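All remarks here apply to the structure that follows.
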Amino acid sequence: MSFESIGDFLAMGHHGAYVWSAYGLTLLVLTGNIVWPIMARKHYLQVEARRLRREERA
Amino acid sequence: MTWTLFHKLGSPKWFYEISSRWLPGLACAAVLLLVTGTVWGLVFAPEDYQQGNSFRIIYIHVPAAFLAQSGYIFLAVAGLISLVWKMKLADVALQAAAPVGAWMTVLALVTGSIWGKPTWGTWWVWDARLTSMLILLFLYFGVIALGQAITNRDSAAKACSVLALVGVVNIPIIKYSVEWWNTLHQPATFTLTRKPAMPAEMWLPLLIMVVGFYCFFAVVVLMRMRLAVLQRESRTAWVKAEIERTMPKRTLR
């Protein structure tokens, strides 16, 4: 453990703003990259399933 | 690689089935490695005697830069396979990996810029390493834009493959930029021949993060490829069966 306290950890020795903004942005980008294909797949499957039903009825 | 495996790899259905078996393991590995590496790097790694705690940005900057370049090499290899053997799946891989590689380049540039401010006193300098990475980002944009601008799939595959192959010349330029030109950027942390200049408790979490980023990249690219395969094969019986399986009747109104 290289920090004495939680406050110490958050401050990152006056570099807190740099370290946390870099990690925050990375978390955002990585999450977005995972969420997008999951949502797009869900959307595609729904649209296609509806299309197949319509074609079945027709 | 035997030719039968090569032909199997070209089959979208086979890829769709085998990738569903790879994904859970890869995803678990990615989460495990990224969490371990982040906690180790942020909390337990010792502070740098010159840069203080701002050096902890290395644990995301270096892996992102690794993937930005490896991602482009991946595009070039996929482009070569798609050009030479006209393998459709290689084009799917190229198109799926391009946006992910572009995001990794953005991450490398932005985290580098944030790290540069407290370390060099500036957000940006037009030096060789930074400029060649910016060019890499534009190459990614070029591949993405080209893939979307051409509606004919075969022409788009050909154009993107050529651009990916031509652009790969930038990769050695990025790699050696810190040696060929005077630069603010520090030389490579990891080399195959020398031991890292930092203690193990600093570079081990970095190595874990690099491997974690590779797993993450593989997971995202596989997910995007699987969706693209479904879209391209939407008229086939196996895709219809897959839609039936994942979207049973009662879930739809």
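Cβ from N, Cα, C; glycine included.
Positions annotated as domain 'Cytochrome c assembly protein' by TrEMBL: B:14-185.
Using a Cβ-Cβ cut-off under 8 Å and counting only residues 6 or more beyond its ends in the same chain, the transmembrane segment (B:21-45) has close neighbours at 56, 58-59, 201-202, 204-206, 208-209, 211-213, 215-216, 218-219, 222-223. What TrEMBL lists as transmembrane segment is B:21-45 (among others).
Sequence annotations record features per position, and here TrEMBL assigns transmembrane segment to B:57-85 (among others). Remote same-chain residues near the transmembrane segment (B:57-85) are listed as 6, 10, 37-38, 41-42, 45, 91, 93-94, 97-98, 100-101, 104-105, 107-108, 111-112, 114-115, 133, 136, 139-140, 143, 157-158, 160-165, 167-168, 170-171, 174-175, 189, 205-206, 209-210, 212-214, 217, 221 (criterion: CB distance under 8 Å, separation of at least six residues from the stretch ends).
Under the heading transmembrane segment, TrEMBL lists B:92-116 (among others).
Taken from TrEMBL, the feature transmembrane segment applies to B:128-147 (among others).
Sequence-distant contacts of the transmembrane segment (B:159-178), counting only residues of its own chain at least 6 positions beyond either end whose CB sits under 8 Å from a CB of the stretch, comprise 69, 72-73, 75-76, 78-80, 82-83, 91, 94-95, 98, 128-129, 132-133, 135-136, 139, 142-143, 146-147, 150, 185-188. The transmembrane segment annotation in TrEMBL covers B:159-178 (among others).
The annotation transmembrane segment is assigned in TrEMBL to B:202-223 (among others).
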